[in-house]
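Following: one structure in structure tokens, then a few remarks.
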Amino acid sequence: MPAPWSIIRLASVESSDKLQEKDSTSKTGRHRSSRLLDYLFGDPTPVTALELPPLAFRLAWMLVVSAHVLCAAFLAGCAAAYWYFMDPLTGFYVQLWSPKSGNVGYEVYSWTFGTVGALHGLRVLQLLRRSFRAQHLVFRGGSCRSTGSIDGTVIESFSSKPRKLVRQPTLTNLMKVTQPRILVVRFWRAFFSRRGLFGVENEHFLTVFIIRETLEVGAQTYQAYRSSQLLPRVWLNSIMVALLVANCWSTMAVGRFFGRKPTLERVVALSADAVICILMSVLVPVLIVHRHYGAFNRAGRMFKDPSDVYDPVLITSFVLESQLVFVSSTMDLGAKLTPHIATFLALVTVGALVGRKEEIPVSSTVAVAPSRWGELSLLASRRNITSDNPAPESSSDQHPGTPKRRRAWMHVIAEVLFCLWGAIVLEVHCHTAVHSHFSGSGCRASTRPWLVHHAACSSIVISCQTESTTSPDVTLLEQLDAQALATVAFAHCPKLRMPDLRRFSNLLVLQIYNSTVVEWELTTVSTSTNSRLVLISVARSRFPSGFPRGLTDSIPTSLLSIQFCVTDVAALPRSLTAWWHPMAAVSFDYSEMVEFPASLLSLQVYAISLNGNQLETVPQLAAMPPGQMIGELAMRDNPLRELPPALGYSTNMFIYLDLQGTNLTALPSWTQTQVLGVVYMYNTPYCNNATSKPQQANVQCTPRSTLDNAMDFPLELFDRMYAF
């Protein structure tokens with residue numbers, strides 16, 4: 001009978017044999033899977049450092065650092081811009097290009113762009129620190145570096161203090177770290193080191209690059225498509241398309257020209273990728289914003305010329321281009337961030353691939369004998385060696401007669417698809433440029449949206465005098481693309497019948513000038529379809545049938561201002577509060593009103609203007625609802641003789657009262673306690689007789705500044721824009 005330990009030993013041997021057989025089978029399966037993946041995705045050619053002469057290396061270092069600084073500055077500016085438009089006053093302009101959400105989420109966008117910009121800034125500080133410690137410009141730090149190769153053998157150079165080998169961190173190990181500093185270091189190594197996820201020595205570098213390039217091209221295609229819809233400046237739209245096509249074609253072009261030198265290929269591909277991303281995501285937005293930045297008073301949070309808001313071409317450009325520059329949705333946020341992240345990764349990878357070549361004499365025998373690295377002993381002569389990167393190009397890359405390296409099938413397919421996509425985008429753009437024309441006149445700004453067969457006019461003036469008609473021709477509007485039209489103006493129409501504008505869902509501004517409106521029905525605009533309409537302006541026009549019926553029902557909730565100037569409107573409907581919502585400004589200037597419309601006081605409008613009417617008294621102010629505050633009440637150039645002795649309630653407040661050019665000789669006491677700002681009294685008997693009695697502290701007897709008159713109707717601008 002065998003001993004018990006013999007049975008145990010025999011069982012263990014059998015178990016060991018089974019485990020070895022199972023392990024062998026598992027290894028064979030993994031080997032086959034690995035070979036298949038390598039055939040489809042792998043890149044068997046070793047990648048080392050691209051050696052540059054000292055002068056060229058310094059230039060490359062300066063260019064990479066300059067690109068990081070440029071991106072950091074731009075992203076910091078983006079973060080500051082989002083923070084700036086979080087203010088309630090500047091939020092008014094955000095409502096123009098984002099009426100549904102406004103500036104909701106701008107704080108998150110500010111921190112997001114600021115974080116990506118901080119990555120660029122930290123990378124610059126890292127490169128400066130490494131260069132300062134090395135006493136010359138370097139990309140990579142550390143005490144172990146490759147100094148060259150002799151007959152294909154890599155020579156390692158070590159500092160006097162040996163360092164422990166650092167295991168390449170994995171994402172699993174990364175999650176176990178709790179100390180912030182170690183977490184940051186391991187995070188950087190796991191993603192951006194040479195063998196990290198985005199590292200140049202990662203076995204699937206090209207696969208990761210193709211995936212990254214696919215996401216980048218997708219984001220750029222989305223931005224180019226939006227620019228075709230929102231960019232009235234056609235030349236900028238063409239630049240966006242040209243950069244997108246160049247990015248699609250550069251992948252195959254670089255592979256064909258530099259395929260024999262994998263390191264050079266990667267440096268050129270990544271450099272081209274970074275340049276295109278910077279041009280598309282930094283330069284183009286700067287060109288877009290530059291014109292509006294100069295016209296904006298940043299301290300006053302308004303345009304330097306308040307009348308710019310009424311210029312249809314300028315406001316169209318401002319609103320549409322702001323939609324393109326600022327984030328409008330979660331998808332748009334991803335599309336805007338992807339090129340910036342791709343730029344950062346490309347610049348970091350270029351730094352890992354580029355090294356400095358120096359002539360250093362190597363005499364006698366070079367030996368490295370630390371036990372953990374093994375021994376290396378060989379005889380060398382004077383050779384070119386790299387001082388900043390692990391190894392130079394392998395011998396197979398240095399000889400022009402070397403056969404071209406095998407490229408994985410998936411990479412070849414991806415390159416072909418990129419080229420095909422670039423050709424499709426170019427064809428669509430050229431087709432749109434050729435066929436986007438408008439047979440009528442009056443189109444003052446246009447875009448070139450892809451795959452649209454109608455005229456993409458974003459701002460149009462329909463002049464009945466030019467068209468030799470009494471009212472706009474409906475067929476003229478049918479030629480326009482429903483998504484492109486942003487502003488429309490009807491001018492010089494003796495019998496204007498307002499056409500149906502409900503199909504123009506992106507309509508922002510509606511203007512009428514020097515016309516007699518005989519019909520304005522409820523079907524002109526709609527609350528549901530015209531959800532972006534923000535401004536209705538009417539100047540030098542008549543309404544024989546009375547107040548337009550189209551404004552006596554529910555109006556689009558996006559409307560911020562309704563302004564009439566030099567019209568024959570004599571009274572307003574009493575039930576305006578049932579139809580109109582709170583707005584920024586409502587004005588009926590230089591009309592024929594003899595009674596203050598009480599319905600305006602119940603609308604909760606920020607600014608009410610009734611300049612140039614026939615008002616002599618305003619008893620309606622004594623009936624204001626409790627707690628109502630009006631930002632500005634303007635009754636300039638009225639034959640106003642007196643104000644009521646008291647307002648409806650002590651909680652009623654005004655910020656500004658504009659009573660210039662009236663006949664007031666005295667002011668009631670509530671103008672001192674319930675007017676928080678200034679009472680403008682220039683050219684009134686009150687100010688003309690100010691020498692006989694002291695005036696109130698909050699009264700201004702000098703003319704009001706034109707820059708302070710932001711709510712005034714720009715009649716002179718309308719006269720210039722729509723002159724015969």
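Cβ coordinates come from backbone N, Cα and C, glycine included.
Please treat TrEMBL annotations as automatic predictions, because they have not gone through curation.
Remember, it's a predicted structure, so these values are computed and weren't measured experimentally.
Features of the protein shown, as given by TrEMBL:
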type	residues	note
TRANSMEM	59-84	transmembrane segment
TRANSMEM	104-125	transmembrane segment
TRANSMEM	234-255	transmembrane segment
TRANSMEM	267-289	transmembrane segment
TRANSMEM	408-426	transmembrane segment
- Message: With contact taken as 3 or more Cβ pairs under 8 angstroms (pairs 6 or more apart in sequence), are the transmembrane segment (234-255) and the transmembrane segment (267-289) in contact?
- Response: yes
- Long-range Cβ contacts under 8 Å made by the transmembrane segment (59-84), restricted to residues 6 or more beyond its ends, are 52, 90, 106-107, 109-111, 113-114, 116-118, 120-121, 123-124, 127-128, 131, 137, 139, 274, 278, 282, 285-286, 298, 326-327, 340, 343-344, 347, 350-351, 354
- Sort out the residues at least 6 away from either end of the transmembrane segment (104-125), same chain, that have Cβ-Cβ distances under 8 Å to it, and list them. 65, 68-69, 71-76, 78-80, 82-83, 85-86, 94, 327, 333, 337, 340-341, 344, 347-348
